[in-house]
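Here's the structure, in structure tokens; my notes come after.
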Amino acid sequence: MSLPANTPFSLEEITAEGLKPEEYAEIVQRLGRHPNLAELGMFGVMWSEHCCYKNSRPLLKQFPTQGQRVLVGPGENAGVVDLGEGLRLAFKIESHNHPSAVEPFQGAATGVGGILRDIFTMGARPIALLNSLRFGSLDDPRTRRLFSGVVSGISHYGNCVGVPTVGGEVYFDPAYTGNPLVNVMALGLMETPEIVKSGASGIGNPVLYVGSTTGRDGMGGASFASAELSEASLDDRPAVQVGDPFLEKSLIEACLEAFKTGAVVAAQDMGAAGITCSTSEMAAKGGVGIDLDLDLIPVREKGMVPYEYLLSESQERMLFVAYKGREQELIDIFHRWGLHAVVAGRVIEEPIVRIRFQGGIAAEIPAAALAENTPLYHRQSLTEPPDFLKTAWAWTPAALPPCSTTGLQLESGEKTWNQVLLDLLASPTIASKRWVYRQYDHQVQNNTVLLPGAADAAVVRLRPQLADQACQGVNSGVAATLDCNARYVYLHPYAGAKAAVAEAARNLSCVGAEPLAVTDNLNFASPENPVGYWQLAEACRGLAEACRELNTPVTGGNVSLYNETLDPEGKPQPIYPTPVVGMVGLIPDLNRICGQGWQSTGDLIYLLGVPLSDAGHATVTLGGSEYLATIHQTIAGQPPQVDLALEKQVQAVCRHGIRQGWIHSAHDCAEGGIAIALAEACISGQRGAEIELDCSDISRLDQLLFAEGGARILVSVPLDQQTLWESYLEEQLQGHWQRLGQVTEINSCLWVRSSDNLSLIQVTIEEISTAWGKAIENKLSA
């Protein structure tokens, strides 16, 4: 499309702002004139995918967003759910993918800072952080640098700001080479009587700029996050923000103190698009306008022009609307905390964002044009799966080498099941993430109940602060998890997305928590590619269906598109479609929770859900498995199909068993199947297990041992509860359970044998602990 006549900008200048020619023409039509440079930049960031979700918004409308416990849903800085007893939890997930690819330390660190501001802007004190990280192969030196930098950035910011990082997930796959994913989730406990909203109101009310100074760092970060990565992106370090966690700590305390005064009408974090986003969103949500004078903004650099003020993404900054006459009360609070606070503008009746600079008008745009009436693309999705998936789905286990009770029969010789198990445990995706979480302060605030690596979900004690700074005694807790097997989503976006929701709910159930609500982070490639858009659309359909069925409404989230790297020929290399599901759950009694490790010698071991005899069927399969990828270097097959009705039954049984005190340990069967779940329970509890499997109807033993699928939980139960427990299982699950064996002595071995007493796996606790525990360190030191 050609540009309108007399356009003062070249096509290159317009596209540099992330705008298409037709979008520029729409801007001219709405304004009735050509924009100036500052206004062009404002439209560029606010009409970016990162800010306005122009490709994904139609798909997000299918998500369930209402529920009995939902107090705040999508549209605010964070979702809020009711925990009972007067407690309310704010939670949200955000991505910082592109910045972390260019500057891993600061990119990841400021991702933490940004999500924390979303939480305390609502009036909640941050109590926990989790992260979902994706990298390429650790055999690649650049991946090792990115991995180390990202983990260092997260630990630096979280540790300094005093918020514990309590859980998460880390995956490694060549699909993320050059385009890592850094998704950070934060939880906060509401401290204010009223939830702080972001819509401005009250004509004449003062608008306060508070926090840090404004500089040139983070220029155009929102537009940068809405484009593909290339070699040239390495020069985009100015688009990466620089954070100060100690200043953010002061900002948290000052904001929470300010909110409690009742003098704050509305508040908004200055995140993506900085002043532009905060002014336009606050004005648009309130149906009013904001008149702001840039000359009043505290700066850290001289000679800045309006374009730079408006697009800067300097960190640790907020915009407040105060009740007229009470602004000094707020300013005094921020000054006492060593922070900037100035009246920089006012609320006006005309619904526009008016920016003043050096006595003139630098920009004047209808607020809704920037924040609400943004472009929307209704793209046509593919009517059938792409050809590469049809080829992948044609794969069957018949293509694998033959196997026997002793192992795989490879051309190079036999690989025993012991060795297969050890190789899988040493896969960085399955292996211990201790190298990661030992860098995090996961016990600051002293409310972390289960340490990272000890259970399938993080558990945090709820201890709200009272007016005198004492802590209220509450025996309830909150559990949180982040989950997504992106290989499943790549092979079947609809089923894979459903599986992510199901696994998140299952992980919460394994610690005894009732799943409440979801925040999601949709990490996908370009929606302008038909396959990319089809993956996004199918995944959203799967997420929506699973959330409805499991009664876990979506309270908000983040969309990160254009996650692909341009190779030297300019051909995009997309990541796996990765819809990360963050889910929170309520634990009524912290005395009734579970970890994943065996607790007592002699306990009976049960598998709840899909029985092992179904291995190789649609719900439990080798398709898309870690075994297939790691041992056979194959990404193919149909991933497990999700039985949501059975999921609900199995999870309810697990939660009830934990609350009754019947279950001593519970662990989700995920990557690596039943064999890996058994090994991980042995490692966590440092106890062995004797397992007997009926192999009579199994065509391949690798399907029995390593097939993956949902609705499967491994639990241990004391021997004296056997009769009561099995009676309950038969009543609730009918045939969807089986007794597998018994927990053995400390530091013994994991012994898996067939029902006719043939040994399949026999490894010591030391062997599996070493393979699992040192894998990542060994890769990093190679």
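Our numbering is plain: 1 for the first residue shown, then up by one each step along the chain.
Each residue, glycine too, has its Cβ placed from N, Cα and C.
From a predicted model like this one, the values you see are computed outputs, not experimental measurements.
What Swiss-Prot records for this protein:
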{"type": "ACT_SITE", "residues": "HIS50", "note": "active site"}
{"type": "BINDING", "residues": "TYR53, LYS92, ASP520, GLY557", "note": "ATP binding site"}
{"type": "BINDING", "residues": "GLU94, ASN558", "note": "Mg(2+) 1 binding site"}
{"type": "BINDING", "residues": "SER95, HIS96, ASN97, HIS98, ARG117, GLN241, GLU313, SER314, GLN315, SER560", "note": "substrate binding site"}
{"type": "ACT_SITE", "residues": "HIS96", "note": "active site, proton acceptor"}
{"type": "BINDING", "residues": "ASP118, ASP269", "note": "Mg(2+) 2 binding site"}
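Mapped onto this structure are the features recorded in Swiss-Prot.
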residue : record                       : CB count, 10 Å
HIS50   : active site                  : 27
LYS92   : ATP binding site             : 27
HIS96   : active site, proton acceptor : 32
ASN97   : substrate binding site       : 27
ARG117  : substrate binding site       : 29
ASP118  : Mg(2+) 2 binding site        : 26
GLU313  : substrate binding site       : 31
ASP520  : ATP binding site             : 29
GLY557  : ATP binding site             : 25
ASN558  : Mg(2+) 1 binding site        : 24
Rounded Cα separation (Å) that holds between GLY557 (ATP binding site) and ARG117 (substrate binding site): 14
Residues satisfying Cβ distance under 8 Å from ASP269 (Mg(2+) 2 binding site), sequence separation of at least 6: ASN77, GLY114, ARG117, ASP118, THR121, SER278, ARG317, MET318
Collapsed DSSP category at GLY557 (ATP binding site): strand
Other residues, Cβ within 8 Å of TYR53, LYS92, ASP520, GLY557 Cβ centroid (ATP site): LEU60, PRO74, ILE93, GLU94, THR519, ASN521, LEU522, VAL554, GLY556, ASN558, VAL559
Recorded positions near LYS92 (ATP binding site) (Cα-Cα within 10 Å), from HIS50, GLU313, GLN315, ASN558: ASN558
Neighbouring recorded positions, C-alpha within 10 angstroms of ASN558 (Mg(2+) 1 binding site) - of HIS50, ASN97, GLU313: HIS50
Rounded Cα separation (Å) that holds between SER95 (substrate binding site) and ASP520 (ATP binding site): 10
Neighbouring recorded positions, C-alpha within 10 angstroms of GLU94 (Mg(2+) 1 binding site) - of HIS50, TYR53, GLU313, GLN315: none
Integer Cα-Cα distance in angstrom, GLU313 (substrate binding site) to TYR53 (ATP binding site): 19
Annotated ATP contacts TYR53, LYS92, ASP520, GLY557, maximal Cα-Cα distance (Å, integer): 17
Candidates HIS50, TYR53, HIS96, ASP520 (recorded positions) - the one closest to GLN315 (substrate binding site) by CA: HIS96
Cα separation, TYR53 (ATP binding site) to HIS96 (active site, proton acceptor) (Å, whole number): 16
Cα distance (Å, whole number) from ASN97 (substrate binding site) to TYR53 (ATP binding site): 16
Packing count at GLN315 (substrate binding site) (other Cβ atoms within 10 Å of its Cβ): 29
Surrounding CB atoms that lie within 10 Å of the CB of SER95 (substrate binding site), all protein chains: 27
Helix, strand or coil at HIS50 (active site) [DSSP, three-state]: helix
